[in-house]
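Taken from TrEMBL as is:
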{"type": "TRANSMEM", "residues": "43-59", "note": "transmembrane segment"}
{"type": "TRANSMEM", "residues": "65-84", "note": "transmembrane segment"}
{"type": "TRANSMEM", "residues": "105-125", "note": "transmembrane segment"}
{"type": "TRANSMEM", "residues": "155-173", "note": "transmembrane segment"}
{"type": "TRANSMEM", "residues": "179-202", "note": "transmembrane segment"}
{"type": "DOMAIN", "residues": "356-408", "note": "domain 'PAC'"}
{"type": "DOMAIN", "residues": "439-572", "note": "domain 'GGDEF'"}
{"type": "DOMAIN", "residues": "581-836", "note": "domain 'EAL'"}
Amino acid sequence: MKNDNRASELNNRTVDSPLQQNNHSTALLAEQVKLLYQQAPKALVVTLITSAALAFIFWNHVAKAWLLGWLVTIYLLTFVRFLLVKSYFRKEPSTAESARWGRQFLIGTLFSGILWGSAGSIFFVNGSATHQLFLAYLLGGMVAGAMASLSSYRGAFLAFSIPVVIPFTYQVMTHDGDVQLAIAFTYLIFVFAMGSISHRLYQTVAESLKFRFDNFDLLKRLIQAKNHQEAINQALQVEIAEKDRSQQALKSVTEQLEQRVSERTHALALANAVLHQEKELFQVTLASIGDAVITTDAGGNVTYLNPIAEIFTGWSNQDANGLPLQQVFNILDSVNRSAVADPLVCHNGTSGNAQKHHECLLIRKDKQEWIIDYAVAPIQNEQQHVIGTVLTFRDVTEQRKLTQKLAYQAAHDSLTGLLNRKEFETRLGKILAATRKNDSHALLYLDLDQFKIINDTCGHSAGDELLRQVTALLHAKLRTRDTLARLGGDEFGVILEHCPQNEALQVAQALRELVQNFRFQWQGNTFSIGVSIGLFPITHANEGLAYALNAADSACYAAKEQGRNRVHIYQADTAQQKSGEVQWLPRIQQAMIDQRLCLYFQPIQSISSNNGKEKHGEILLRLEDEHGRLVTPGAFLPAAERHDHMLIIDRWVLEHSFKLIKAHAHHQPNVIYTINLSAQVLESADFLDFTVNTIKASKLNPACICFEITEHVALTETNNAVRFVTTLKELGCRFSMDNFSGGLSSFGYLKNIPLDYLKIDGRLIKNMLSDPIDQAMVESINHIGHVMRLKTIAEWVENDQTLQLLENMGIDYAQGYWIAEPYPIDAKSLKFPANDKINHKLDC
């Protein structure tokens with residue numbers, strides 16, 4: 001009776017087995033949500049960096065309140081999403097809870113998309129195609145990046161990308177112009193393509209996960225069926241043995257025993273039928289999946305190849321059956337083509353986990369090669385003993401090619417095909433690290449001369465073609481082992497390995513002559529260019545990558561300073577000068593942010609009875625350093641002038657000067673304020689418009705403003721000076737020429753510039769008591785100035801004797817520390833020296 005119950009139980013268990021159906025939808029969703037959260041941290045970090053970079057770039061182009069509000073909001077949202085991700089991994093939710101976690105992540109993704117979409121409106125800079133294109137590329141990059149991290153979960157990518165795209169597309173489409181319309185439709189096509197790709201990625205991930213669950217279920221069911229069959233066979237053998245031993249003693253129950261045997265036989269037949277059905281299902285499944293599958297026995301001999309595995313190995317299932325796995329599955333290291341370890345060795349234990357491996361090279365039977373990625377999982381019996389293995393692999397050849405292509409693009413300049421700066425610095429760093437005593441290398445830093453002229457006059461297409469042709473020239477001249485790279489714009493770098501300084505100088509001169517003799521043809525016009533080259537010898541004593549690049553750049557800078565189109569070998573003093581100037585730029589910018597720029601006022605005293613009741617004074621710029629010490633303009637303005645930073649400073653000086661002048665206009669209306677202007681101001685039409693508009697908006701009397709330009713600036717920028725002075729003179733402003741030294745050419749152009757005052761060079765004033773020539777020059781300048789109806793001003797007046805001599809000459813005004821020292825100007829009243837004090841000094 002006991003045996004009957006066991007047979008019935010086995011029979012029922014076997015019959016019910018094919019009717020069991022596993023629904024993996026919940027487990028599949030859980031895996032998709034897990035993938036979503038695993039990829040979230042990197043995406044959140046990228047969001048923080050990208051939003052900060054976006055805010056930095058648009059800092060001066062978008063209202064600060066909107067910009068900071070947007071940035072703070074996206075940082076808060078990102079922080080909340082980070083807490084959600086952290087909570088997910090801490091709680092390790094069950095499969096049933098995955099849907100709720102997926103919805104929470106989807107809500108965060110939607111809000112993130114809305115915030116990034118709002119950037120398309122907030123950061124949309126009207127009239128700036130560059131900022132619009134940058135914004136378009138950035139938002140498109142965010143959408144493209146989101147595809148990789150959000151495609152594993154249905155709806156996540158659309159929840160992010162649609163809010164991101166709509167505001168910017170609307171902004172572009174609402175601006176007139178075919179180009180904007182084309183950009184908008186191109187943007188929509190791009191997003192549609194990304195959505196299609198994301199949908200395909202979602203399907204691929206879902207299918208892959210489903211196949212994995214199905215495969216594991218099939219293998220598990222096959223093992224269970226086999227174990228089930230073995231149990232039935234064992235029970236049958238025991239009963240047959242008992243029957244043989246008890247045949248004589250159990251004759252009375254022979255018929256009953258035969259009946260039971262018949263029942264067991266029937267159960268075995270049913271089990272065999274189920275096993276056959278499971279086997280057929282297993283083989284059909286393996287034949288239909290996209291991955292290649294090979295199974296082996298415990299000894300590592302092949303027992304099965306599915307059709308995909310037959311294609312990749314070149315072996316048929318019949319021929320491979322019973323062969324060692326290494327003979328059928330012949331793999332090598334994909335990098336150095338060395339032999340790899342037996343993939344089955346790591347599964348001699350009892351672990352049931354699949355072992356994943358990196359890429360390797362599969363050698364087909366006919367010697368054809370494939371790059372594959374494979375994984376191995378053991379088959380275990382009830383005693384957890386390994387009785388075989390299942391090896392799956394897939395072709396990743398195209399994926400590998402794509403990876404190699406992307407790696408090439410990441411290391412090369414897309415325009416010229418040369419190495420880019422990042423790869424160049426990597427190679428230079430390796431050479432510097434490997435340089436030993438007696439090694440001789442050289443680093444060249446090349447900067448094309450006149451490139452900007454061609455780029456501005458003929459367009460960027462001409463500039464790009466010029467760079468390509470110059471690249472071909474340089475590449476043909478260098479050795480194979482030399483490294484040539486484009487460092488940015490019109491700058492190139494060359495590493496000359498095992499090249500002493502004298503040979504490197506010859507190579508640099510040859511490159512310079514090659515570029516100098518080159519003639520660029522564009523649309524019927526011929527252009528000649530030059531190149532300034534900085535040479536830095538690399539020895540074992542150098543200080544590293546940054547030092548070498550800065551040194552070569554400094555040498556190139558010195559070559560340009562010496563007249564361009566020449567080679568300059570690095571010298572430490574040149575580098576120190578440039579380094580000092582470059583260090584001033586961030587200090588000036590920070591001082592403007594911290595409001596540490598300040599204005600001083602130095603009175604200019606009338607010393608002639610022919611002058612009216614007007615009072616004069618000069619507004620001077622000072623900078624308060626990080627320690628509260630006052631810095632004069634001579635320390636920081638040269639760096640600002642050399643690096644094109646003066647327009648910003650001049651704009652600041654004008655805006656703050658006009659505010660102070662307006663504050664003093666009511667109680668001191670008869671003061672003439674002198675404001676200094678740089679050479680860069682005269683070259684800028686925008687600054688002239690800014691000055692005119694600011695004067696009109698402030699409602700100041702233009703006659704109380706006197707702009708001051710130096711003699712050198714007027715001589716080198718005569719046409720611009722005439723245009724600038726004439727425009728503001730028509731408005732009512734006054735002009736003064738500073739540092740006038742009385743050269744013959746200077747008097748010639750004075751007739752063309754409508755000035756009001758002539759400020760005599762202080763070096764002549766300072767030495768005229770001891771130098772009769774300087775005294776005669778001051779008298780001549782004063783005389784000619786009066787003939788031209790210009791008032792004269794003597795600066796650097798530092799003692800009573802000088803002041804007395806100037807009055808005797810008939811100089812109109814005096815300025816210097818003997819008259820009055822500069823003092824901080826504020827909204828209160830201005831301080832002028834008393835007339836009796838000056839008269840007392842003159843009487844002395």
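Keep in mind that glycine also has a Cβ here, set from the backbone N, Cα and C atoms.
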### Message
Counting only residues 6 or more past its boundaries, what in the same chain has a CB within less than 8 Å of a CB in the transmembrane segment (155-173)?
### Response
36, 105-106, 109-110, 112-114, 116-121, 124, 132, 135-136, 139, 142-143, 146-147, 180-181, 183-184, 187-188, 191, 194-195, 198, 202
## Note on the structure
Within the same chain, the residues 6 or more beyond the ends of the transmembrane segment (105-125) and with Cβ under 8 Å of it are 33, 36-37, 40, 47, 54, 58, 61-62, 66-67, 70, 73-74, 77-78, 80-81, 84, 131-132, 135, 139, 142, 150, 153, 155-156, 159-171
### Query
On the 0 to 100 scale, where does the mean pLDDT of the domain 'EAL' (581-836) fall?
84
### Message
Counting only residues 6 or more past its boundaries, what in the same chain has a CB within less than 8 Å of a CB in the transmembrane segment (43-59)?
### Response
67-68, 70-71, 74-75, 78, 81-82, 85, 112, 119, 123, 125, 131, 134-135, 138, 141-142, 145-146, 149-150
### Query
Which numbers of helix, strand and coil residues does DSSP report for the domain 'GGDEF' (439-572)?
61 helix, 41 strand, 32 coil
### Message
When secondary structure is assigned with DSSP, how many helix, strand and coil residues does the domain 'PAC' (356-408) contain?
### Response
12 helix, 30 strand, 11 coil
